[in-house]
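Peer 1: What Swiss-Prot lists as heme binding site is 403. The FMN binding site annotation in Swiss-Prot covers 492-497, 539-542, 573-575, 581-583. Annotation source Swiss-Prot lists compositional bias 'Basic and acidic residues' at 462-480. Marked as domain 'FAD-binding FR-type' by Swiss-Prot on the basis of sequence analysis: 663-896. The annotation region 'Disordered' is assigned in Swiss-Prot to 462-482. Feature annotation from Swiss-Prot assigns region 'NADPH--P450 reductase' to 476-1053. Residues annotated as site 'Important for catalytic activity' in Swiss-Prot: 271.
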């Protein structure tokens, strides 16, 4: 430990201590400025209390250790207890009512619950949209005021089935007026000296009146619900009134219910309204981000009434909100106290009971965690949640005392921002400059804008989800056809995992299983060896759920082989917003079950609440049932009588397309999909691992063929051009040369366009002639004909710009080509090949790829070009299935048969892929006792801090004696560009020595420039060493190729 250091402190002013450093209306901002001056930790003495403030992410990581620190109620929150009592926000962790209420209310904020709130959220969001759409031109909008109305009405309706009807009032609801005044007074009381406070008689009387107004409304809500109970209403209030704590069996008393309602009405709207206000400000001051978010809203929110699933697909808008919370966390601090004497950072002593406050805005701008652009608004930094620095992002607080309503707030904010962007152009007509208003939370002060309606369809609202839930019929259980036992165990605090377990059991009964459910802890020491065991669980702040903790500890203590005979599968519930603990417990259970001898029925499934959870779950369930039925040799599946047969009539599995059948494709299940480039890079390279079926084999150096799908954006462009709907069903009939299409059977047009035809190929001459023949405008027809008649024009205007048939159809509306002709002219969607970057010697049924994601400005000058396959792969989630097949290249790109043969490997960028597999194989061979020949790897990338792929893994391989690595970089500032051929030239003598010893040379990557340059360098090396002519070096290299000692795996083009 370092020598103890005094904690920095600003200048002290006698009995006022450090108080003069605080500006009256800018308490939080004053503390931020002190942090700028004094650094990541400082002491601040108020009259009567001394506090420590931290903002450096390493120090925050320490104070967020719940074994050392717990939530502290500062003076401000203690004053809020006057009306918040021992509600969730203003209670101490040790108070019985916090623990009881926390357990009772958690299920209302599960992912499953969010879907139930969708129509109510949409109801209130629509009122905002309608209000703004009816404004006169140039009429000002007070953003924070309208967002306060919106978020109050939303929590009122979703939580308590109460309508504040704020949009139908000229002034704020009396509850809001009293609440805001009471919050401000509570904060003011916390800053006053004792004598000052005693003199504020009139202010204190108003404070009590405001508390009475809030209590009166809430007590009336409780009384009305008690007088008119409704079993069909499953909201927060019903849970508070009737639900029993699963631990104590007790319900909440009326006084605590009052405190909880007030807590949710305050916390459930103040922070979210501030978030939306700041988000609009950030977008208006960053037009390029506004455009990108608006494009996503247009692309995704295509229905008049947006569905829950569509809101989940607003990924960039969610990134905008996350980045807004990073720069402007609306709850800007949380306070803790030390449970025992401790030391921070190895040098700052903290005594027991010492308050420590985390300044979240400064934490979120810590350049040591976020990089040099920490002050910039860059939503893209949240594209890969796993890259978010651990303990450097805390907008919702920490651990078990983190905001219970996080998912609710983000779901609401995502919906509202998406709808606002879809329907309005936002105008910063005053050139507003940010001024932050402080109370318990922060928000933009006096932020006003104008809006202009966009040409979009009017929004309709139907509260259909609730009606659908009521109308659902209980599935009819079929009599068991085979009676195979199915035990579905769950670990659940929020209720999501338990609900999924119940649904899986119900599905199992319909399929003829004898199914039952139970908490994981109920089966400690008695997992059955007969039948299947399914485990559905979540992580809770990185720890097991309450009813799974004992099971996890029991698993850890088992010896290897003790679970032999148990057949199992795991599905995990999680949220990537908490990157550091995402899927920790499900993955731990899955790995330990396997390690202790159990047989895995299928790869783990992972549902991400920050993404399309239902899609992840459905994909895993389909795979689980298929592989479980196969494992137990069950052929008959009972019909699910509550599902219309029509819903499965038109399903088209990826491996059932004509192209897939032609290639013998099978389903690979995604086990991992992670970013390899750093957050500082603007590009993307993904490491993707697939589990392939038993019996499918591959070798190092093989290719994996992927049958991709066209993006939703591309497909939507086709639908829009031809006036089609995504749910239109068609039947294709035609001649034999169209055998790549699904003939003579119904198929949804969106499935056809997604999986069967190429939409991004440059238009062929034949296609252009056909387009011209269907064009009724003579000048436009002539333009199209000219593109075909002149080879130079065709190459320059079509091929060089990669203009597609769809591009021309959009450019020439007078072209009346029918959809069936368009479809007939499109080529079959071709497989894309990737070098396998793994070795079967490590995992026989796991294949990995290293995929460079193609996203760049289109050569046509029209927006962004996105590679079909790389973007399809990049967006796959764990548990998703991809149609794929294995191919061995004819070039002989395989490891030498003799491990002692030297190897020279050249693979810049993603060309490193096969060599990663080679190195894995060499590691296994070495462990088995083989003597390895020397191996050189030449790798190049742009910058060591951006795209040095697999750096740590390769460094370890080099330390283990498996390979010698030579690296070069082409984009390092103030340094000459370095490419692999330059390294080869430097190593001429070494290379020739190895080649004379029989070395095999492998080149993988770009075939247009890199590979020819490498070949030229090898020939020059031979000429220099042997004093040979160009002709002789050419013969020498050709001979190496003929002997399969010089092999290439290269590609050209975009």
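Using N, Cα and C of the backbone, Cβ positions are placed for all residues, glycine too.
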Peer 1: Could you round the CA separation between residue 582 (FMN binding site) and residue 403 (heme binding site) to a whole angstrom and send it over?
Peer 2: 17
Peer 1: By the DSSP assignment reduced to helix, strand and coil, which category contains the residue listed as 'heme binding site'?
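Peer 2: Assignment for the residue listed as 'heme binding site' reads coil.
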Peer 1: Do you know the mean pLDDT across the region 'NADPH--P450 reductase' (476-1053)?
Peer 2: 88
Peer 1: Near the Cβ of residue 403 (heme binding site), how many other Cβ atoms are there if near means within 10 Å?
Peer 2: 20
Peer 1: Rounded to the nearest angstrom, how far is the Cα of residue 271 (site 'Important for catalytic activity') from the Cα of residue 492 (FMN binding site)?
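Peer 2: Spelling it out, the Cα of residue 492 (FMN binding site) and the Cα of residue 271 (site 'Important for catalytic activity') are 27 Å apart.
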Peer 1: Measuring Cα to Cα, how far is residue 573 (FMN binding site) from residue 271 (site 'Important for catalytic activity') in Å?
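Peer 2: With the alpha carbons as reference points, the distance is 26 Å.
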Peer 1: Of 403, 496, 539, 575, which is closest to residue 271 (site 'Important for catalytic activity') if I measure between C-alpha atoms? They're all binding-site residues.
Peer 2: 403
Peer 1: At a 10 A cut-off on CB-CB distances, which of the binding-site residues 496, 539, 575 has the highest count?
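Peer 2: Answer by Cβ density within 10 Å: 496.
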